[in-house]
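For reference, the structure is listed below as structure tokens.
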Amino acid sequence: MTSMAASSTTKIAWRLQEFEAHSSSISCLALGKSSGRLLATGGEDCRVNIWAVSKANCIMSLTGHKNPVECIHFNVSEEQVVAGSQSGSIRVWDLEAAKILRTLMGHKANITSLGFHPFGDFLASSSMDTNIKLWDVRRKGYVFRYKGHTQAVRSLAFSPDGKWLASASDDCTVKLWDLAQGKTITEFKSHTAPVNIIQFHPNEYLLASGSSDRTIKLWDLEKFTMIGSLEGDTTPVRCICFSPDGSCLYSGATDSLRVFGWEPDRCFDAVSVGWGKVSDVAICNQQLIGVSHQLSNVSSYVVDLKRVKKSGGAVIQGIIQDNQPLTEPKDAKGAALRKNYERPTTTCRSQRLKHRSESDRRSPEGERRSPSEDEADEKLSSAEIHNAEDYKAIFQPKNAISRTPPKMSEPFPAPLEDESILAISRQLKDMKSPFPDKQQGPPLAASTPVVRVEPTVISAVKRPSPPAAGTASSSHPASTHAPTQPPVTTAKSKPQLKIISSARNEPIGLNVADFLPSSPNHRSGALSDEEALTQMKKGHETMCVMLSSRLKNLQTVRGVWTRDGIKIALDTAVSMSDPSIVVDILNIINPQPSLWKLDVCMTVLPQLDKLLQSKYESYIQTGCTSLKLVMKHFWTLISDTLKATPSVGVDITREERHQKCRVCCKQLKNLSNIVKNKATQVGRHGSTFKELQLLMAPLDDSP
């Protein structure tokens, strides 16, 4: 038990869940920033679905849009959600009352970004038509239109005091608008690529903007000057988020999170997170939640901010120098000198944005629709509550002071080092939740990062584990495993992982008793047939969703292969972060050496590391076959190219081939070390790796 507890503290970032959120592709998603526990998704099915983070059951589904939902956003209190569509229409929903609050018409094209005013009943929206509009949610028609950007606006943010609106655009600029006067205060032009995201500092007159130029710029809002350019992200900056106290800035890019400081500019920490193209982040209980989507699936990730450096380190030429800490001033100079926002008091509701009477111009577009049209349109909109229990707990709690039930605000538990134990316990926790049996949306997978379908395995979910994973005896770790997971000891002596054989006639451990609750932890009476069937059906739904997800991924890869060729198809398969998809593609191309090129080798070789060390025999066999193919057909070319004397003059084709060969050689050397370690095993796996070791012997003589 001690070793388990110790291992659980070594995780800095982990995947919380992955589930299918819509019946078609997802276009957008947003987290509730106040709680970090609510998620809204919008899709091509024209629906908005509301979720509790870490639960795989949809709370409710909002219908009414007639076109795909392109943009979505929660208000500060998380009592409302707004969604913008491809046609330019905007719908505001009251989540507590589970009904549509307002339909806003006026934009002529795709809605690209949305933002709620921090305390007034105002909403800002932008569109591909380059216009920004300010709406009073209580009325039809917009209050103001702000014109000036030349391309689509990607992000909108209100200042904490509610007086300014900032906008970031594909035209590489950031504009600051005075809400009362409806005109530009200033424009920032230092970015060299589209600006994707902006956020105001929670207290100081400071604005941060993240761009596809892979930098974050910090702007002083008193002097209107740039005070910092934070560099280090290797891909476009997709999300930024100030820490609650404003002392540092978190930056989300593809598969990474960075922690920045300014005055002076430095990177405190860089964390590798497998969230792909992260779409939104939020902070709650010293944890950062990140969410991303691909096709119809949503993935959520957790980063433990207690284990992330937030001061002390410095970046010198892109390298984190932990051994050369900066001497931190006792009081941050910027914080002492920079002005803070004045927050309105709670009694000034009637005073909010006094300019409204002056600027309350109703849009002609908004007024063209008659009241009867609006009423008819809003009657077509509905809120389908899929999960009444969660809906009441979150949006209509008995305790009026706290909108969020206490259990939802607790930190998410860090996974154990052995992720298979955590995955099954988390899945079973979801299975025991009292969700209604009749769910109108698609059945959703339990929130587990590792329950994947191996090419020849159909997983069976075992009975619920004891109440707390930590109370399980470390001498009986198998008691919390699913039948597909082999027993894994937690001893420090590096035990050899049991390989799951590919030659079998039935799924591992297919026993009806495994699906039922164990009597010591439940009532002693026998379950009725109906209860027993319900338990088994839950596992069946999970499996069907995983198989459906895999089929969709394979169809996507096949479509890319037909259109763009094998190299792009392989890249697409790798980007899905699902080894089973990569294995399926390799099983197709391994018997056809003529399909392989150096480009294909560069994509495949980094994936063989995971396959050769997998617990599934079929994965190991596929990985070994691919490695043999590369050595037999490409090693001579790679070796001769690297040994050849440099040519006279410039030969771009030769230089490209030389670079590819150098990359492949480096990857092969890494794999050679794995093969040497595996060759010491006894049995047929050892024989396979010994054969590979002989085949890879020439690598030892290569430069």
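From the backbone N, Cα and C atoms, a Cβ is placed for every residue, glycine too.
According to TrEMBL, the protein carries these features:
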- 19-61: repeat 'WD' (REPEAT)
- 62-103: repeat 'WD' (REPEAT)
- 104-145: repeat 'WD' (REPEAT)
- 146-187: repeat 'WD' (REPEAT)
- 188-229: repeat 'WD' (REPEAT)
- 325-414: region 'Disordered' (REGION)
- 356-392: compositional bias 'Basic and acidic residues' (COMPBIAS)
- 459-495: region 'Disordered' (REGION)
- 468-483: compositional bias 'Low complexity' (COMPBIAS)
- 538-696: domain 'Katanin p80 subunit C-terminal' (DOMAIN)
Spatial neighbours of the repeat 'WD' (62-103) not adjacent in sequence (6+ beyond its ends, CB under 8 Å) are 27-35, 38, 40-50, 109-116, 118-119, 123, 125, 127, 129, 135, 137-138, 140, 374, 377-378, 380-385, 391, 395-396, 403
Note the mean pLDDT of the repeat 'WD' (188-229), expressed as a whole number. 92
How do the residues of the repeat 'WD' (19-61) split into helix, strand and coil according to DSSP? 0 helix, 23 strand, 20 coil
The repeat 'WD' (146-187): DSSP-derived helix, strand, coil residue counts: 0 helix, 23 strand, 19 coil
Take the repeat 'WD' (188-229) and count its residues per DSSP category (helix H/G/I, strand E/B, coil), listing them in that order. 0 helix, 25 strand, 17 coil
